[in-house]
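Data block below; observations after.
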Amino acid sequence: MTNTAGMEHKNSNTGNPLFRNDKEPVHEIEVEELWEEIKRVTSKAKEQHLTTEGKRQAKKHKIQRKIRKKIRQAKEQYITSKCKEIVDLNSRHDTFN
């Protein structure tokens with residue numbers, strides 16, 4: 001405990017999982033249990049993130065496929081209309097256009 005500017009600060013470790021109370025540290029077996037819990041929680045969070053990321057990527061690929069399909073259709077339609085125009089002009093012997 002230190003006294004700074006008339007205020008007393010306590011070294012309170014309540015809520016800290018490494019100390020059972022202010023003096024007694026956690027035993028080795030409890031540290032292992034704590035470590036396993038940390039790994040479990042971290043792993044679960046990672047799995048949820050990867051699942052969300054996977055869904056996001058799948059949605060992105062689906063949208064990209066739709067866009068490419070629309071582009072192919074528009075290109076085909078454009079080429080078809082230009083070919084038809086050329087055939088029509090050719091049938092009228094209009095080679096200028």
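Yeah, the Cβs are placed from backbone N, Cα and C, and that goes for glycine too.
Feature annotations, courtesy of TrEMBL:
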| type | residues | note |
| --- | --- | --- |
| REGION | 1-24 | region 'Disordered' |
| COMPBIAS | 46-56 | compositional bias 'Basic and acidic residues' |
| REGION | 46-68 | region 'Disordered' |
| COMPBIAS | 57-68 | compositional bias 'Basic residues' |
- prompt: Looking only at the compositional bias 'Basic residues' (57-68), what are its DSSP counts of helix, strand and coil residues?
  reply: 12 helix, 0 strand, 0 coil
- line: For the compositional bias 'Basic and acidic residues' (46-56), the DSSP residue counts stand at 11 helix, 0 strand, 0 coil
